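Annotated features in TrEMBL:
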TRANSMEM  12-30  transmembrane segment
TRANSMEM  42-64  transmembrane segment
TRANSMEM  76-100  transmembrane segment
TRANSMEM  120-142  transmembrane segment
TRANSMEM  162-183  transmembrane segment
TRANSMEM  203-221  transmembrane segment
TRANSMEM  233-257  transmembrane segment
TRANSMEM  277-297  transmembrane segment
TRANSMEM  332-354  transmembrane segment
TRANSMEM  360-377  transmembrane segment
TRANSMEM  389-410  transmembrane segment
TRANSMEM  416-434  transmembrane segment
Amino acid sequence: EEAVFLRKKITLVRAFSLLIGSMVGSGIFISPKGVLKNSGSVGFSLVVWFACGVLSMFGALCYAELGTRITKSGGHYIYILETLGPLPSFLFLWAEFFAIRPANSAVVSLAFGRYMLEPFFAPCAAPVPAVKLVSLLGYYTVLTLNSWSVTWSARLQTALSIIKLLALALIIVPGMMLLAQGHTENFQDAFDRQSLVLDKLPLAFYAGMFAYSGWFQTSFVREELVRPERNIPLAVIVSVITVIVGYMLTNVSYYTVLGTQDVLASPAVAVSFVQRAFKSLISVVPVLVALSCFGTMNGGIFTFSRTLFVASREGQWPPLFSMIHIRRHTPLPAVMLMFPLVTAMVCIGDIYHLMNFFSFSRWLFIGLATLGLIVHRHRHPELRSPFKVPLFVPVSFTIICLFTVAMSFYSDPVNISIGCTMVLSGFPVYYLIIHRQMSSRCRSLFYYLTHKLQLLLEVVQQEIKTY
């Protein structure tokens with residue numbers, strides 16, 4: 001009896017929780033190893049962490065302006081569509097669905113499973129099949145919750161954001177106490193130039209930026225935000241500054257307690273830290289880290305389903321995925337679509353190879369989205385945005401993103417080539433399916449199947465537009 005559409009249920013607190021919950025996930029607990037390995041020394045790794053934080057702030061500010069200029073949900077996809085056109089936006093959607101998002105979700109899920117099982121198998125490593133089984137159970141739980149209720153997903157994200165900050169505090173406090181007592185031996189010769197390999201730096205940045213990734217999440221749910229013109233910039237600035245400070249202190253704590261060899265040898269850095277710092281919490285911190293990863297999975301499913309929802313509404317994805325459950329008011333088909341690919345990547349994937357695999361495509365399209373901001377400003381000088389950043393911010397962010405993407409071909413040519421091939425494979429699909437019209441027979445069969453699935457899932461098209 002009531003209109004079916006996505007309600008505005010994301011308040012400022014929930015937006016802040018969504019950003020914190022998406023950024024503080026598996027990254028800070030698994031990426032220190034990747035950053036240190038590819039930067040070569042403690043000092044350079046800390047520089048990389050800080051540079052990644054500043055770069056994330058630049059990108060977040062660009063997306064905050066895009067979110068006030070373009071009033072639709074959809075994040076990277078809708079920004080590229082509105083500024084650069086339908087072909088690059090479809091290539092992003094293609095790469096996001098088949099490479100970026102499932103690989104990212106698989107990385108976070110595997111980290112969840114590893115940390116969840118570590119206390120039960122310490123000091124031995126948890127069996128790989130058990131890790132993957134627990135990873136999939138965690139992912140399916142979040143998938144079910146997002147299919148059930150937007151409100152409960154948002155409440156869970158708020159609660160888990162508090163747990164994430166508590167997990168960071170449990171790592172930061174003992175490390176700072178030891179540092180204050182004069183334990184600085186692990187910082188001797190911190191900037192060892194002999195161990196620095198320049199062509200590996202892009203991989204160090206990928207690992208660091210993976211830990212910060214999530215600063216763009218509010219752009220995916222723009223239509224569901226309360227007072228977006230005010231709340232997007234405010235939530236972005238406060239959350240990114242909070243995470244930069246937390247990450248820098250966490251890494252200093254890691255290096256205070258653990259040496260470089262310990263960090264490089266550890267499959268779960270936070271667990272090794274607790275084993276060395278205070279054994280009384282050996283079973284507590286890994287669980288907190290696992291819950292942190294759980295929150296990141298929740299935020300990822302919550303936001304990516306909106307990308308598919310908007311792409312379907314714009315005519316670049318099957319219409320079934322722009323439908324909403326008639327009672328739950330959740331984009332049920334869009335939420336459920338990802339689980340086969342994530343399941344496959346969890347079963348066959350390795351965390352660090354998956355990270356390099358999806359990072360190329362992700363940062364290529366984020367760079368294109370901020371390039372789109374520059375284009376949009378040039379095309380629409382008359383448009384008054386309630387939030388505007390200096391021009392050097394999108395220009396420098398775009399250049400750094402595209403330069404890092406280009407350099408990564410030298411650093412990891414195999415995985416990057418696979419990611420590039422995945423993006424380019426979208427060209428024939430676009431021209432055969434999107435650019436050309438389907439025949440009447442194919443169209444009739446397509447709509448028949450859509451109608452049957454619509455009845456099965458109890459979903460209908462959104463009745464009103466909220467943007």
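Don't overthink the numbers, they just go from 1 along the chain as shown.
Placement of Cβ uses the backbone N, Cα and C atoms for every residue, glycine included.
Here the transmembrane segment (162-183) has long-range neighbours at 20-21, 24-25, 28, 246, 249-250, 252-254, 256-257, 270, 273, 277-278, 281, 284-285, 288-289, 291-292, 295, meaning same-chain residues at least 6 beyond its ends whose C-beta is under 8 angstroms from one of its own. Here the transmembrane segment (389-410) touches the transmembrane segment (42-64). Their Cβ atoms form 3 or more pairs under 8 Å, with each pair 6 or more residues apart.
With a cut-off of 8 Å on Cβ pairs spaced 6 or more residues apart, the transmembrane segment (360-377) and the transmembrane segment (76-100) reach 3 or more such pairs and are scored as touching.
Of the ranges 42-64, 76-100, 120-142, 203-221, the one with the most Cβ pairs under 8 Å to the transmembrane segment (233-257) is 42-64. Nonlocal intrachain contacts for the transmembrane segment (42-64), taken as residues 6+ away from its ends with a CB within less than 8 angstroms of a stretch CB, comprise 32, 35-36, 75, 79, 186-187, 190-192, 196, 201, 204-205, 208-209, 211-213, 215-216, 218-219, 232-233, 236-237, 240-241, 243-244, 247-248, 251-252, 255, 260, 366, 369-370, 373, 387, 389, 393-394, 396-397, 400-401.
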